[in-house]
Amino acid sequence: MAAPRCPFPILLLLALLALSAPALLRADGAEEARKTYIFRVDHRAKPSVFPTHAHWYASAAFASSPEAIPLEPLHVYGTVFHGFSASVPASRAAELRRHPAVLAAFEDRSRPLHTTRSPQFMGLRARLGLWSLADYGSDVIVGVLDTGVWPERRSLSDRNLPPVPARWRGGCDAGPGFPASSCNKKLVGARFFSQGHAAHYGASAVASNGSVEFMSPRDADGHGTHTATTAAGSVAYEASMEGYASGVAKGVAPKARVAAYKVCWKGAGCMDSDILAGFDRAVADGVDVISVSIGGGGGGVTAPFYLDPIAIGAYGAVSQGVFVATSAGNEGPTSMSVTNVAPWLATVGAGTIDRNFPAEIVLGDGTRLSGVSLYSGKPLTNTSLPLYYPGRTGGLSASLCMENSIDPSLVKGKIVVCDRGSSPRVAKGMVVKEAGGAAMVLTNGEANGEGLVGDAHVLPACAVGEKEGDALKAYAANASNPTATISFGGTVVGVKPAPVVASFSARGPNGLVPEILKPDFIAPGVNILAAWTGATGPTGLEADTRRTEFNILSGTSMACPHASGAAALLRSAHPGWSPAAIRSALMTTAVVTDNRGGPVGDEAEPGRAATPFDYGAGHITLGKALDPGLVYDAGEEDYVAFMCSIGYEPNAIEVLTHKPVSCPAAAAGAASGSDLNYPSISVVLRGGNQSRTVTRTATNVGAQASATYTARVQMAAGNGVSVSVKPEKLVFSPGARKQSFAVTVAAAPSAPPAAAPVHGYLAWSDGGGGHEVRSPIVVTWLQPM
């Protein structure tokens, strides 16, 4: 059982006592700086004299030496992870690493957040299919690790909901502005974790960054309220963001219960120690699904799983039957930028939906340029205004419209062109407004290409892609008297093509284990309407005094809760399915065609078909996921074998498993993670090896226990790669619900390694049964160093 959390006043008292305790001094007499570390402890080593692990960790018996001051743990973990976090000098951390019961230790760090029509776009329909069969998820509890929640929003109303499931063990942490009565039959739990944040930034830092914040589960940022209600928001009529996206707002699982775990703080990110505490508490409370729209390593630089608290916490959750969805990251379209890549996670990229918020710029020469905007204030009164680009004369800072970078005398009353990058998009608009500018056009550069997201700007403004931006700046530079105007087109639905992979959505390959294809799939993540905090305006800027009930945001942070809500519906419809089976159903039924019938494209490069490195298995569609036919299941034994195969030592694996592990002597040398029973197939041919065989086991979960599935493989032509499947037919019966098969990937001996990865797919079809179980195949070559 997890140790109870200490109330914040007690933690503050402990911090003050720590300040009065003897300080550790360096040899030169200076006090040694403290940092927060997370320690993984062999919980079985606790002496029986101590009633709890918390007592043991804080005792003199656990101290690293007889002279050492007893520890004052910030968090004690006991559900998904065993150990504690503490703020200690580096020398003390080194001593603790040598403690015989300490299995691992790593420094706490801060992670960024990855910042209603979308349920219908995924194939959900009122009173039909998955929504109907799962009763909209009413018996499922979704835990959201984020910035907290704004409980008064209609999207968190418990009207017409049945009683809270009796198995729920969670609670409602009271705090300033958040009485325990804030929870209800919808918001069944709300907790906050500030100890790691306070240790890193200082106990008073929560409210000292110049912005409103609450030492309670109340959401001052908005991100947490948005993600929670995207996943499981109740039905709210007449919803919109200042007139945009008007209609009925509802989460993917509108009757599912929400438990909010505030592990992130406005303007300060999310500390690993607090994230791990959130995982630990959520599983102890009894959630069924955990949604984590928080950044991992990114940029291809990812810590090993045994040093990654999100991977560690998620492993502990998944091992207890909890589905965990994470965001893939917003560093796209850069290759190998995907984060949160552990194979027990569902890693979610972002795609567009068939809704847009168009704006148009008309130049003085009659040229019309297309953009997007969520500006809702007074329109421009003049038909034409002077156009000015600060970057032409003011240098890089001015081109980016950074704070105090543009001359008010040069921009007053003009439409100002600002380049995207280095500061928030909406902050550039505030800079222009405060300098006297009348309007703004935000232009993409090469890094963002043609990918556009709408923003609720504080002045008339819109965003344009790279090509339109180049044309705009060329006109501003060459015209003798450049002028322009901006008009705003409101909300447009039925946009084609959709989905398209969002330009910002992080891409594969997996930089840590290329044999595991990531992201797993994409979900709606562009211009998503959901509930918002009452503490800040829709831009999140301190100077934005507007308040809205709903906001429209974009990011893989928005895609992740779509997958979490989808998992909640599948868990309700199929309570016996494992987290791996749920992920498999979402992956093997995902679509790779858009609403025109063509291949899903890439927003960063219009006209280019996206690949599995961009969208994984494709865009999730819940009408099919309810009945996938076959699933690729996996559990703890499979994940342990996988980690052995990629060369992890048993003591490193034990950091995740909480129990002894033995790797076969040949495991690490045999090969790769390709044999994990994963719904996608990623094969890496190393050196001169031109062939590789991987195995999979399919489980029949269809209504017909007796079924025959036939394999079909399609690979890109002309690359010298062949793929064969044995057997080519899988025959299932009541006594044989599982069948295994082998997939052999071979390159012609005379063929040189391909310059680019080769893509294709394997599909198992039962003919008249209506099931097609599709797995992407990716083949890459890795040359020896």
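The backbone N, Cα and C atoms fix where each Cβ goes, and this holds for glycine too.
Those TrEMBL annotations? Automatic predictions, nothing curated.
Annotation comment: TrEMBL describes 1-27 as signal peptide.
Per TrEMBL, domain 'Inhibitor I9' is recorded for 36-114.
Summarising the annotation, TrEMBL assigns active site, charge relay system to D146 (among others).
Annotation comment: TrEMBL describes H223 (among others) as active site, charge relay system.
Here TrEMBL flags 386-472 as domain 'PA'.
Residues or ranges marked as active site, charge relay system in TrEMBL: S557 (among others).
Model confidence over the domain 'Subtilisin-like protease fibronectin type-III' (675-779) is summarised by a mean pLDDT of 90. Residues or ranges marked as domain 'Subtilisin-like protease fibronectin type-III' by TrEMBL: 675-779.
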Completion exercise
For the domain 'Subtilisin-like protease fibronectin type-III' (675-779), the DSSP residue counts stand at 3 helix, 63 strand, 39 coil
Practice task
Count up the helix, strand and coil residues in the domain 'Inhibitor I9' (36-114) according to DSSP, in that order.
Solution key: 16 helix, 25 strand, 38 coil
Problem - Three-state composition of the domain 'PA' (386-472), taking helix and strand from DSSP - result: 30 helix, 19 strand, 38 coil
Practice task
Using a 10 angstroms cut-off on Cβ to Cβ distances, just flag whichever of D146, H223, S557 is the loneliest among these active-site residues.
Solution key: H223
Practice task
List the Cα distance (Å, whole number) between D146 (active site, charge relay system) and H223 (active site, charge relay system).
Solution key: 7
